[in-house]
Amino acid sequence: MSKKVVILGSGPNRIGQGIEFDYACVHAVFSLQEEGYYAVMVNCNPETVSTDYDTADKLYFEPIVFEHVMDIIEREKPEGVILQFGGQTPLKLALPLQKNGVKILGTKPESIDKAEDRELFRELIIELGLKQPPSGTARTKEEALKIAKEIGFPVLVRPSYVLGGRAMRIVYDEEELKEYLEEAVSVSHERPVLIDKFLDNSIELDVDAVSDGKDVLIGAVMEHIEEAGVHSGDSATSIPPYSLSKEIVEEVKEQTRKLAVALEVKGLINVQYAVQNNEVYVLEVNPRASRTVPFVSKSIGYPLAKIATKVAIGKSLREILPEVFERLEKGEAHFASDFLPKEKKIFSVKEVVFPWKRFPEVDPILGPEMKSTGEVMGIDKEFGLAYYKAQLSAGYRLPEKGNLFISVADRDKPKILELAKEFEKLGFGIYATSGTYKFLKEHGVNAKRVLKVSEGRPNVVDMIINGEIHLVINTPSGKREKSDAYYIRRACVQFNVPYYTTMRAGYAVLEAIKSIKKLKEEGKGLSVHSLQEIYNI
């Protein structure tokens, strides 16, 4: 009988934990079978591929809770258990399983604990000489207000006991913080609230890497197209980064290597960073598969979950991927990924899919709480075209002419100017409500004023309904009431008008429209290639 290994899946799908983890579990099963192991899958979701009867050698359809998992282990007597592919759910079982004599394959439970525990992790960051945004933990309302004042607004607040960014909020002033503490969470000694300095106007990055404890291979450095503060699962992302310098990307890769070695990671690691004024800050480290693993694997042509599984059962990266190390040692690696050759000039853009149409009352706005339920991908040699393809796949057909409606929060007004002028050059009519209109007019943009919903009719929502507005850029003001902005966004969803709620997404749209217009002027259309062709381009 072959050696047995148990893989724990991610349990039921929910917003924040979806099918991406199932992808990693299935690849882990295939990898074990390639190495001659008997793969035992434990999961409880009928919607997944890992629970197909012919995927693993044996399937247990059981909840991912300690008692059930322990019963299976006692019955199967495996060599060990792999936890790192099921997201956060199985990770919580690491210490209880180890205490009961179960061998955890891959990253040790102590290392998982060090990455998950805020105090231990802060000590590690200081020890490695890295930077982290200032933060604090509050157990009373008074303590929360005191910490927020010391750190300085805006702050990111969240309960310490939730996953998937639920109940997280960016708070811009004391009044808003009081409201959040009264309405959204109950702060107490048992349920503390975590408060972090929110790095306004920063760029967020995600890194997926594989480590064997000595060597670390960077799968990809991904740049979020939305600003920091939008949940990583809701942001469009680009491989390689499209607006960061090579030096920053190399620094991020180096910091990821340090963290993976210090945490003695054996398998996958995901690190999230924010870059503000050319300074790199570590936001969080997950010593497990992240939801970007399928996207990265398809972008680089290497199955990260398969590689990580081979590492978890004791193989070294140099054994598994000699050709990648050869390329690295010759200095021939792509700047944002150790796996890709230097000449690989391809952009992959991931865009997310939202269920807004199924929930007519939900405000379709992005924030630290995850709301997306799927994702698509666009690949091309230019960032603009890759982004255009991703929008098309997500169901947004970007207009090449027509009218653009702009309404932004005061803090975004200086950034809107260049964007409005560029759209004007492309032949778009610019419409705006009073505040934004006044600002644009004063700075030489030929904008037209349109009424807010509260100012009477015909207003901006009427224009959207009548098909007179073809694109909307509307950033939130920080307040959550059902404002004019809410009705604008809902009308866009209802009438299929592409709308964007962050400035960086607005600039990415501009880049996409410029690229597609240029392509058409040259008499060409979008090129379509299979992934197999792309790896050989």
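Glycine is no exception: its Cβ is also placed from the backbone N, Cα and C atoms.
According to Swiss-Prot, Arg158, Lys197, Leu199, Glu204, Gly229, Val230, His231, Ser232, Gln272 bind ATP; the candidate from Glu150, Glu264, Glu284 that the record adds to this site is Glu284. Listed in sequence order, Ala115, Ile269, Asn270, Val271 are the same-chain residues six or more apart from Asn286 (Mg(2+) 2 binding site) with CB atoms under 8 A from its CB. The two recorded residues Arg158 (ATP binding site) and Glu284 (Mn(2+) 1 binding site) have their Cα atoms spaced 14 Å from each other. Shown for the region 'Allosteric domain' (396-537): DSSP residue counts in helix, strand and coil, namely 69 helix, 20 strand, 53 coil. Residue annotation for ATP gives Arg158, Lys197, Leu199, Glu204, Gly229, Val230, His231, Ser232, Gln272, Glu284. The furthest Cα pair among them is separated by 18 Å. Cα spacing between His231 (ATP binding site) and Glu284 (Mn(2+) 1 binding site): 13 Å, rounded to the nearest whole number. For the pair Leu199 (ATP binding site) and Glu284 (Mn(2+) 1 binding site), the C-alpha distance works out to 14 angstrom.
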